[in-house]
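Novice: Grabbed the feature section from TrEMBL, which reads as follows:
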- Cys70: active site, proton donor (ACT_SITE)
- Gln40, Lys110, His143, Asn183, Gly184, Gly185, Gly206, Arg207: FMN binding site (BINDING)
- 2-298: domain 'DUS-like FMN-binding' (DOMAIN)
Amino acid sequence: MSKHAWLYTEMVVAETIVHQKDDLDRFLAFSVEQHPVVLQIGGSNLKNLAKAAELASFYSFDEINLNCGCPSDKVAGHGCFGASLMFNPKLVGDAMSTIAANSNIPVSVKCRIGVDYRDSYNELCDFISEVSSRSPTKHFIIHARKALLNGLSPAANRKVPPLKYEYYFALLRDFPELQFTLNGGITSIEQVDAALGKGASGVMVGRAAYNNPWYTIGRVDGAIYGVPSHNLSRRQILEQYEVYADSICEKYGSKRVNVRQLVKPLLNLFHSEPGNGQWKRMADAALKHCKTVKSFLEETLVALPDNVLDSTIVNSPLSHEGQFSDANALFPPPYKSMQSI
Ligand SMILES: Cc1cc2nc3c(=O)[nH]c(=O)nc-3n(C[C@H](O)[C@H](O)[C@H](O)COP(=O)(O)O)c2cc1C
């Protein structure tokens, strides 16, 4: 729905890319209209990361990102990925150098603000400092809560550890030469705009974009990128999506991709609108037998009133009141590296 927002793939494990090198379209292919697209890789084995980056470079991604945020309980070292890598900034620095050298495109790291008991602001800065000085990494996406590797589920790890936006804003202050994208708990375009107003290099929206795409992604072009909104209604968007999705089905065949996968991103498009409950029930039933997205939409859209299907996005003025006000009060003292003490 936005032509400007950057899209991140789900993590693809480096070993998957290496072992599936004859079938890579299945994991890495995307269509040109989806640019800019960032590939996220998981892993820590330098040889496999090198090979994965080299193979991925045939797919014209706009950036390659290393996952240092997923709460995997494997300890840092051979075969591990995700947040536990934050325990080993040197390894992450070397991994990023390897990825950059083998792909020739910009690289970035997505990380938490800490892991388990290693959660001070200074330790976060040590990580950023080590990775950015050992490698060409200039961009970090900061999920502003720590990861707990004590058995908390991935879903709980996105909710339970408290958000500390003050750490994020302090990074902007202490590393002005780097770019930091803010992630975690952002639920509105107002918050996105307020964070950018406070100097954020970028904002990543995860669950809100999935849970309520119409009011989050739908408003991005006008409210954030300052370009005219597409002004399409949901009916028109679905007409275009149907053509795209069914062409994907045809291209890859039903063994590779199914209607359920292609319909999944649509299921919250009518969040809190009249008819939404009925559409969800009809969608459940239709997914049991529909073989094309076209037939799925024909069967289910009757649940929704015309005014919902045909209305376009209203770009109301943004209010920043109260956004991130705690972050100012809680700012940690400036970073002191071990070398400077
Ligand atoms: C279903 C689901 C899958 C996710 N998969 C990944 C992933 O593959 N790589 C990653 O870095 N983060 C992943 N995340 C985490 C999000 O990118 C994001 O960091 C997290 O949800 C916090 O942002 P939010 O509050 O805007 O959702 C996932 C989150 C969800 C809900």
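The backbone N, Cα and C atoms fix where each Cβ goes, glycine too.
What's the neighbourhood like for these features in this structure?
Specialist: Reduced to three states, the DSSP call for Cys70 (active site, proton donor) is coil. Within the same chain, residues at least six positions away from Cys70 (active site, proton donor) with a Cβ under 8 Å of its Cβ are Met11, Gly42, Phe81, Gly82, Ala83, Ala147, Pro154.
If you draw a 10 Å sphere around the CB of Lys110 (FMN binding site), it holds 24 other CB atoms from the protein chains shown.
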Novice: With every protein chain in view, how many other Cβ atoms are within 10 Å of the Cβ of Gln40 (FMN binding site)?
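Specialist: Within a 10 Å radius of the Cβ of Gln40 (FMN binding site) lie 20 other Cβ atoms.
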Novice: Quick check on the binding-site residues Gly184, Gly185, Gly206: which one has the highest count of other Cβ atoms within 10 Å of its Cβ?
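Specialist: For the binding-site residues Gly184, Gly185, Gly206, the Cβ with the most other Cβ atoms within 10 Å is Gly184.
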Novice: Can you tell me the three-state DSSP label for Arg207 (FMN binding site)?
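Specialist: Where Arg207 (FMN binding site) sits, the three-state DSSP reduction gives helix.
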Novice: Drop a 10 Å sphere on every Cβ of the binding-site residues His143, Arg207 and tell me which sphere holds the fewest other Cβ atoms.
Specialist: Arg207
